[in-house]
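Colleague: Before I ask anything, here is the structure I am working with.
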């Protein structure tokens, strides 16, 4: 008997030990609700802590050496710039309807300095949506076929060849100028650029070519710069360089100036180029200033949230503050500056910082409440413009070609009379000189500092390693909730064939039943796939709708909605099929569908964070609560409990906030009044997004059809 017992004990196999990581996964899945609450709260709290965690900016590339050399721009150069300003503001320079005289004056001044001068004529590009433009490089787009002599712009380009350079690199200085409706600020920006340009023709330290682009902004600043860049990077041979003399006599005279008022071999009708662009600066001057001191505003956001290398902004900030005494501004959401709840939150963080410092004096945590409010307003603006995906200035055209560029807008505190005009010319010129001198020192492209960052002030930033923590906390509950829903849907439900009254011949322990139950998620995945396919069709429909002539925004939007509904019904009738599990309860089937949907949302947000973090962050704030709380309203009504009633109210509120058309209608109604809001506004807003190839357009469609599916 003892031998038999010992033999049976020896035959028993030891149970495999569960690994700690598996135990942790089981614990998180079994407590997914509590973990979701903790993670979402931590994600929102981490987002509000970003201004506190912001670090001071610093220059990573030692070769830049800003301010290491004394400025060489003198009063003589300022006088040269003043002469150009006077000539451009002279009424005689605006006598021509096409503004040809102003272009002649600018070209003549460039040639007097010994620069290579050329004119670039371009036609305005029609902003028209194409479904493949988002995934392709910049192209020439569609040009208006029927144009007149006044329907195109002319860029004036001057190039200084570096005396000790090899012609392989260049620095671009851009000054937008509308010869037909130019203000004094635009003329002054040309004066600053010309004073710097005249200095650079005399220096010996220049190692990179200098390109001065006077962009004709009568059709928009961005359009002029983008047209010149397209020709510079991807030249196209066309008949635009040889205008018809009979139809366009003024423009023909412009291209024949080399034999008359503009003489010399350095003027060319052909398009001139320099080396690879190391960086670009767009310079503008405002006519009026609402500040009490001379300020300079920096605009850095480009398409789809692209930002220039942080070192470029750091150089401008250092030189402007410590060398020229200018106050540097970055864009803010001004409505947040007077927010009482934000001030209270800043005071709480300030009090916690004092307590932490009393416990550990070396812990430098926290900032003053006023600084926190300003940092949050700046951070919110940075998030908004990066998420929107629309460039904040003509510098955005350079980022499409991976050239670091920013827009600088100088705002004098006094009226631009003769005394203050000379002061702005001198200080603005020395600032541009210092930036060009720093970039000129680089032996390679900007690479040391950050490309992924959020600004909380001109001198503070949040790096990608910090702000991704908030995003990670927000989306962390999604895979756990998806796994929990999948386990709940398959743990206690049997999937059998035949009538529900027939006893099941397949038990839970049957391997065949387990195999069938484990593949039930394919039905839900098929349904989610249909919705995603529908979303892809919906995103492509505007391309065809925009081809309809004389179609108002309201009509276009209604056509979009009708075609979207029709396409959904068609896909459902063609691809959908009855559920394979006839006995499963409605709650179990809904759990599977929700599990697959949440998984797809998790993957989509993760991919969007690579394309545009700001869009993914804002999307996570809206979609994660909606995904976690989503439940069919009829199930909540059937339950009849207080918890189900509160969840139903939350779903309705979140649905209106996260549903883009409804959210835009409510926002426009609160700002402009509900009488001025109509359904066509959503079409116009979405149209502006696809005109810029913004990733937010794809995200908006994603949110819309996921919401409709839910």
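Just so it is clear, glycine is given a Cβ too, placed from its N, Cα and C backbone atoms.
Curation does not apply to TrEMBL; its annotations are automatic.
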Colleague: With the ranges 591-612, 613-634 to choose from, which does TrEMBL describe as transmembrane segment?
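Modeller: Going through 591-612, 613-634 one by one, TrEMBL gives transmembrane segment for 591-612.
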Colleague: Looking at the ranges 464-487, 488-511, which is given as transmembrane segment in TrEMBL?
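Modeller: Going through 464-487, 488-511 one by one, TrEMBL flags 464-487 as transmembrane segment.
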Colleague: Is it true that the transmembrane segment (527-545) and the transmembrane segment (464-487) have 3 or more Cβ pairs under 8 Å, skipping pairs fewer than 6 apart in sequence?
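Modeller: They do not touch: fewer than three Cβ pairs between the two stretches lie under 8 Å.
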